[in-house]
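Undergrad: Below is the structure I would like to discuss, written out as structure tokens.
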Amino acid sequence: MGKSEKEVATHGVRCFSKIKAFLLALTCAYVSKSLSGTYMNSMLTQIERQFGIPTSVVGLINGSFEIGNLLLIIFVSYFGTKLHRPIMIGVGCAVMGLGCFLISIPHFLMGRYEYETTILPTSNLSSNSFVCTENRTQTLKPTQDPTECVKEMKSLMWIYVLVGNIIRGMGETPIMPLGISYIEDFAKSENSPLYIGILETGMTIGPLIGLLLGSSCANIYVDTGSVNTDDLTITPTDTRWVGAWWIGFLVCAGVNILTSIPFFFFPKTLLKEGLQDNGDGTENAKEEKHREKIKEENRGITKDFFLFMKSLSCNPIYMIFILISVIQVNAFINSFTFMPKYLEQQYGKSTAEIVFLMGLYMLPPICLGYLIGGLIMKKFKITVKKAAYIGFWLSLTEYLLSFVSYIMTCDNFPVAGLTTSYEGVQHPLYVENNVLADCNTKCSCLTNTWDPVCGDNGLSYMSACLAGCEKSVGTGTNMVFQNCSCIQSSGNASAVLGLCDKGPECANKLQYFLIISIIGCFIFSLGAIPGYMVLLRCMKSEEKSLGVGLHTFCMRILGGIPAPIYFGALIDRTCLHWGTLKCGEPGACRMYDINSFRRIYLGLPAALRGASFLPALFILILMRKFQFPGDIDSSDTDPAEMKLTAKESKCTNVHRSPTMQNDGERKTKL
């Protein structure tokens, strides 16, 4: 019985001593971290409405993840390789769970969400409520009561979200650089592209789950369980609606903590893949030799750091690759972060529907592209130079295809006084004093409260009062306003709650946009793995962990942090009507000028991506001077060593420590 238990224990240890088991655990970590990140992005609009903050602040919250990552990335990427990498990854996953939990805290500390409305609670219960009354007292004006303004300070609770996202970023830091370097160190070189493709596939499965979770939570009212939803006068398509964003963060917290557990059972080092089948004597000898090498590495931590930094900074392909990545990250982060907001405004759909469509249409082709790209690299043993050309041409093809989305657009919502006149004539610019017209000047209406209604003439109005409606019947979302003096139609001049629908033609354009996105996502992801292998193979083996970390560091500080902030500020400039808080301060934007929004959302990323192809061309030219390991017999070559020209060799002629020389003896092939 004792022998049987010993065999089981030995089998358990062996299971955690294989690179494929680590790959499975790391893939789960990739799923959990991308699940959390995607869910966060899908809920940014809900957070914006919950706290009544502008898009620029939302961009700061989104960029705070990168700030947390930035605080540790260089330290973790270099010093982490000298420590226990699997345990550090496990700790990182647990910290991500803590950050997600902290993000959800404001919901439990704040009161109920109150959306702006012109409908008094009594009028919602009455079948004969007059909303347009001459010389009435405007009881719905923003309050000047100091106690109410103190309550309004609850909007500062978004700082919890900011800090939680920073902590989430700190926890995510060790997963990619340490996980990638661990696989690169102990996997066969020809299997490495496939393994990375599997990891990237995990990074698309996570977003798929995250978007589906976001879609479900966005359909649930934020205060579900504590309010009677039948009394609500808004629906998920309304820009004042706030979904139960906090539920998903609790789910993400639990998933991240569960994902962290397996990493605490993996050893610090593994045998190189393919050596496990050797005899016990050979296996033990190699393991002992590897342990001695690790001890030597730990003696020269800080000394090697500066040597590696100098070597990487003198690597032209590596430095240009960083430049390309920074430019493209600025483009892609902007596009992905604000895609739900753009599609909501462009096509008039709810957050829940948009997020669901993003997950359904865009993520499966990305997942398929990553997987096929990794399989192609493994099957055909594509050299680094060929991989660079494949990545370049596929990226360029997808970039040119993206311009088709410029014609898949819709017009602004027809809102009287904002985008059109009360006669239905479109306005080129927003003029605030046009909100009032002859048909509603005697109604004593509030001009800054957003409570839109749709008239049976096809025009929307900022409120039932501004539509000149004198009477309402029904309750909740079924309320109908009648006797509306501003609505000129052959019917009974009535209106219902909410903006008018943009029509079937606009809905068809959304489908065309999604089809183009499917093709574009597949093409781009197909070339992502070849492109990433260029980054990994242009560095020496001992530099890979630091190189990947430095690459991530530059993308975070020059792209991930500033991009959402300046992009959000530009989007704010396209706002036509801001929500109003209790103390009269502007809240979240209720409606954007979609034409200006479109030019910023599509135009700026297109310009940035276009600029990135110039240094990419320079890399293709520069690579002619290099001999990559995939182009020659790898059995006699350092895995990431490159033959440089005489001039370039001077830059990398640094004094190597014995540790670096020993690491350089490791043999791999592409």
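Glycine too: its Cβ is placed from the backbone N, Cα and C atoms.
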Undergrad: Between Cys410, Cys465, Cys469, work out which one Swiss-Prot annotates as bonded to Cys445 by a disulfide.
TA: Cys465
Undergrad: With Swiss-Prot open, pick whichever of Asn62, Asn492 is annotated N-linked glycosylation site.
TA: Asn492
Undergrad: Under the topology that Swiss-Prot records, do Val58 and Ser541 share one side of the membrane?
TA: no
Undergrad: For the topological domain 'Extracellular' (225-242), give the DSSP counts of helix residues, strand residues and coil residues.
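TA: For that range the per-state counts are 3 helix, 1 strand, 14 coil.
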Undergrad: Counting only CB pairs under 8 A, let me know which of 354-377, 382-405, 514-536, 546-571 has the most with the transmembrane segment (60-80).
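TA: The stretch with the most contacts is 546-571.
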Undergrad: Is the transmembrane segment (546-571) packed against any residues at least 6 beyond its ends, judged by a Cβ distance under 8 Å, and which are they?
TA: 54-60, 62-63, 65-67, 69-70, 73-74, 76-78, 81, 176-177, 180-181, 305, 308-309, 312, 318, 321-322, 325-327, 329-330, 333-334, 337-338, 341, 535-536, 539, 592, 597, 600-601, 604
Undergrad: Top stretch among 156-184, 204-224, 514-536 for CB pairs under 8 A with the transmembrane segment (87-111)?
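TA: Per the Cβ under 8 Å count, 156-184.
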Undergrad: Please identify, from the glycosylation sites Asn483, Asn492, the residue with the sparsest Cβ neighbourhood, meaning fewest other Cβ atoms within 10 angstroms.
TA: Asn492
Undergrad: I'm trying to understand the geometry here, so how far is the Cα atom of Asn492 (N-linked glycosylation site) from the Cα atom of Asn483 (N-linked glycosylation site), in Å to the nearest whole number?
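TA: Spelling it out, the Cα of Asn492 (N-linked glycosylation site) and the Cα of Asn483 (N-linked glycosylation site) are 7 Å apart.
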